[in-house]
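*Asks:* The following block contains the structure, expressed as C-alpha cells.
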Amino acid sequence: MTVAINNETVVLTPNEDDVQVNKGKTLETSFPPLKGDDLKWFPRSSLPAEIPAIDIGKVSTKEELEQFLVDIRKSGLFYIVNHGVPEEVSINVYNAFREFISTTTEEERMKYYTDTHFQNGGYVPFQGSSIRGGNLGKPQKDHVVKYFWRGPEVINRTPNEKFTEAHNMHHTETFKVAEKVIRTIFKALKLRFPDFDPMEFENTINSKKMFFTNRIYPQAEPSDEEEITHRLVPHLDTSFITLANQVPADNGFQGLFVETGDGKKVKVPGIRNSYLVFIGQSLSYLTKNYLPSALHGVDKPPSDLFEGSERSSLITFYEPAEIIIPSKNINPNPEETSESCPFFYDIGLTVNDPEGTTWDFVKNKFITGYYAD
C-alpha cells in the first residue's frame, strides 16, 4: 500500500516473517525536524474547563492543595505549566527520533526491535502494538510508530550517542517534574485523609520506575483490510501517573481527547512547552478509586482533515513500586469514587484486598496482549 505524507511517498508493507514479536508495517518516509516557533500551538486560553492548567510550583498552602485536589479529580487529566524544563529538551528528542526514522530503512530499524521494550527500550514499528489488546480487549493496531526509552540508569538499545543524549536528557528532566507532581499529590491526599502517610508510597519515587515512548502518528491511511475507529483507541493507562508532551498537527486537527466521568468527550489542544499529567490505574488502585484514572485516546482525522494531520508526542509512564497494596488509611466515601482501575479487576484484583499485588504481575498481564499479531 502506498500513501502520501508531506508530499512524499510512504510505503506500508508487511515485514518479513522472521521479525521478532510481530510483523507491523514498514514505514518508509522522512520527517523534517521540528522547530518550536513554526508549530501551530494553541493558546492556553483554549483549554476547556475540564482540563486545568496548574503551576505546580505554586501549590503549597492548604487552600492551594485543596484546590489542586479538586482540579485533578475533574477528569484525571491536567496540564502542568512553568515546570522548569526548557523547550529544547522536548524538541531535541522529537527530532532525534524523526531523524532516525528518516535516515534508516525498516530493516536497519529492526536491530532495535524486540519484545523487551518495557525493560530497556527499543523500536516498535507502525501498527506493531495494540493498546486495546494490552487492556484485554479486541485488538486494534495502534496507528503510531514508537521508540521506548527507560532512562540513563539502564542500558537502552540505541542507534547512536546523539540519540542517547537527547533521550536521556528528556528522561532526566521529566523525572524531576514527575517527582514534584507525585509529592504534591501525596500532600493533597493527606489533607483529605489525615491518617495517610506519604512514606507509605515512597518506594514509588525511583527514576528506574519511569520510561517514555517517543511517538509519531503519521499521515497514513488504513489499508483495505482494516477498519479503524481511532489512531489510538480509548484506554486507561496502567501507570501510576503518565506525563505527556504533544506537538500540534499542521492543519489544527486535535487528535488527543479525554472522556470525563459523565461520558463527555473533551479535545486536548497542544499547548506550547507544557506537560499533561494523566492519573493512571495504579494510582487509582492505591487510593481505592478516589483519584480517577483518565480515559483517553487519539482520534483518526476525518477525510477533510487528513492532509496535514501528522502529530507527535512524548508519553512518559511512571510506574508504581513493585509491591502494590491499596492504602489502609485512604477510605473514600462511595460518592467520591468511580470505577477507575478496570484492568486490575479484569485480572482478578480488588481495591479491598489487603494483600495487594505486584507491579510485575500487572505489567506482564498487560504485555501479553500488547504486541499486535
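The backbone N, Cα and C atoms fix where each Cβ goes, glycine too.
Swiss-Prot feature annotations, pasted as is:
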| type | residues | note |
| --- | --- | --- |
| BINDING | HIS235, ASP237, HIS296 | Fe cation binding site |
| BINDING | ARG311 | 2-oxoglutarate binding site |
| DOMAIN | 204-320 | domain 'Fe2OG dioxygenase' |
*Asks:* Quick one, of the binding-site residues HIS235, HIS296, which Cβ has the fewest other Cβ within 10 Å?
*Replies:* HIS235
*Asks:* Write out, in the order they occur in the sequence, the residues of the chain not among HIS235, ASP237, HIS296 that have a C-beta within 8 Å of the mean position of the C-beta atoms of the recorded Fe cation site.
*Replies:* ILE131, PRO234, LEU236, THR242, PHE278, SER293, ALA294, LEU295, GLY297
*Asks:* What is the Cβ neighbour count of ASP237 (Fe cation binding site) at a 10 Å cut-off, with all protein chains included?
*Replies:* 26
*Asks:* If you measure ARG311 (2-oxoglutarate binding site) to HIS235 (Fe cation binding site) at Cα, how many Å is it?
*Replies:* 19
*Asks:* Could you give the number of helix, strand and coil residues in the domain 'Fe2OG dioxygenase' (204-320) as assigned by DSSP?
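*Replies:* Split by secondary structure, the domain 'Fe2OG dioxygenase' (204-320) comes out as 13 helix, 47 strand, 57 coil.
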*Asks:* Determine the Cβ neighbour count for ARG311 (2-oxoglutarate binding site): the number of other Cβ atoms within 10 Å of its Cβ.
*Replies:* 25
